[in-house]
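As recorded in TrEMBL, the features of this protein are as follows:
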COMPBIAS  1-14  compositional bias 'Polar residues'
REGION    1-30  region 'Disordered'
DOMAIN    30-113  domain 'Copper amine oxidase N2-terminal'
DOMAIN    122-220  domain 'Copper amine oxidase N3-terminal'
DOMAIN    246-658  domain 'Copper amine oxidase catalytic'
ACT_SITE  Asp323  active site, proton acceptor
ACT_SITE  Tyr411  active site, schiff-base intermediate with substrate
MOD_RES   Tyr411  2',4',5'-topaquinone
Amino acid sequence: MSQSPDVIEQQHTNRVPKDKQPFPSAQHRHPLDPLRWDEILLARSVLLNSSLLTEGHPTVHIITLETPEKEEVLNWKPGQLPAPLRRAYVETILFGKTHKIVVDVAAGALVSDEIHHAPGYPSLSSNDILIVATLPSTHPPFLQSLKARGVGVSDVVCLPISPGWFGIPEEEGKRLVKALCYNKNGSANVFMRPLEGIVILLDLDRKQILKYVDDRKVPIPKVEGTDYRLFAQKPPLMKPLNPISLEQPLGPSFKVEGNLVKWANWEFHVRPDFRAGMVISQAVIHDPETGEARSVLYEGFPSELFVPYMDPSEGWYFKTYMDSGEYGLGMLALPLQPLNDCPRNAHYFDAVFAGPDGNPYVTPNILCVFERYAGDVAWRHSEAFVQDFEVHEVRPKVTLVVRMVGSVGNYDYIFDWEFQTDGILRVNVGMTGLLMVKATSINSIAENIVDLHGTLVSENTIGVFHDHFINFHLDLDIDGLTNTFIKKILKRKNVVNNESPRKSYWTTENQIAETEDDAKIRLKAFEPSEFHIVNSKKRTRLGNPVGYRIVPGFTADSLLSSVDPPQHRAAFIDNQIWVTPLNKSERWAGGLFVYESHGEDTLAVWSKRNRAIQGRDIVLWYTMGFHHVPCQEDFPIMPTLSGSFELKPSNFLERNPILKTLPNYPSQLPKCSIGSHVDER
């Protein structure tokens, strides 16, 4: 769900003059760097001067980097000219038609213009959000509803809810949005005070209200206890912990050169992205034995977030969000807050995006990079059995985190890509923010209840059951482009013929995935397996194929029916793991145009071709999932719930890559007296 209109408007007026923008010369820019301020302006100028606009003005939904061909990027070297072409990809709607446009920003020329004829639209623009915010207040039935509830127009905010797709004939062929409204008087937590029963269906292109429903049966939940801001908390407050901070007297160990980050044995490119929020590219690890830079990940990003709610009633059935494609994680990102979102010594990246008029705007501090040390151990051993000598060898674990937070309406999604010196790349998603609640007349579960579709978390307030599914696009290049997916099954073997006092043991059995069907994995706890990506053309000195494996964390399976429209549109959640051959047009698991899509352009559809994947340039898609049963501790704001997965080296290196790391010594650390502090208020 989207941010409130005033926040969107503030974002789009946060413009930075052109003369304040740094413009590196072409030979010093990475081909995957995001579009600059001047490049967005140039793309806009090309649009305005093209024959497309002889009769009207388009609404720009996205202007972003048209990523160069992978071969061009891999062959490029810093300082090399000519560099891969800088092109902008544009999605715009003109006279009800969706255009996919590519602009050469170096030549200032239109490269291509393709009209999208299939179902689905671009993500909502801030103009669309403002329509939802303003149009209901001009509708007399809505004003009557407010009067009946004793609420003034100035106390109400209406927010855009993507309508999904359910095959309703009168809704076909229209770009629609549903508006739900909340009482914002007296608390910043508007989501806890819904005007339950009011559902407004709007036609965005015609700026009309098509349907108005007010099934008013329940009161607006009380304002008391909903505000989560510090000044609103009543005594007694929680006893504060003593201040804690990671001090780095010599400064951080990482270096940032443009969008390139270098740290320890890792090197990678990072950029903000309007839709994905953040993209990690060309992650390589330097071999501790040879110093060679060896490729691990060409490109990784969150491809889609699917959040279906479990209430089939009139005001709730359509709440089946596809947050990345319907809203945009980057669009909904706000500046990270130093010392609380990111620790001291973090480095911040700004984003330059395009508003609906095509003009650029800046979201400052959208990403941060920092080193993390939480007292964890990288490796250790103390010798207890051998009495001849004393051994206590311990190494501290320090990691590098790249963070982005998407504030998708009520939810805040914290994306961390954590690089470890042992070669592990850990991806973590933290979920916090506010519940999406339903108002009710019920105050206590002692009352006769049939099915609440959720948990009573406060008086007159139900936290509705829902899911979170986050799919990641992982273009893995394990030591090169020729990769193979292997399912390594752990199988029990029984001891026969009394060969041993043991009766059983387990071993592994490799299943090589030749085609896409072979690599469709639904995780099962009672069928343990490992999932490896290997480069069979390269071997360790001992003959093992070099590889990485994906280590799933806690996840969940969908409980929706396969014939339920939301499940069909988000069929990428049918499996936790998919593997496809690299195809530049297949970047978004829910399809390119997700908004009101019918599910005809998804990962599940592409993979039905059952293409060959053995020994190819392949993409692994991983979906983490959560079933969320709200509880009272989630009110009025939720503690962070996290899930993760790892990409872990498996015979990629000759031995432990952090064997030669050093321990911490007291002489290296700053000498701080108890009670001393730096006031950074």
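In case you wondered, yes, glycine gets a Cβ from its N, Cα and C as well.
The shown structure was predicted, so the numbers you read here are calculated from the model rather than taken from an experiment.
In this view, the residue listed as 'active site, schiff-base intermediate with substrate' is surrounded by 23 other Cβ atoms within 10 Å of its Cβ, with every protein chain counted.
Cα to Cα, the residue listed as 'active site, proton acceptor' and Tyr411 (active site, schiff-base intermediate with substrate) are separated by 10 Å. Broken down with DSSP, the domain 'Copper amine oxidase N2-terminal' (30-113) shows 21 helix, 28 strand, 35 coil.
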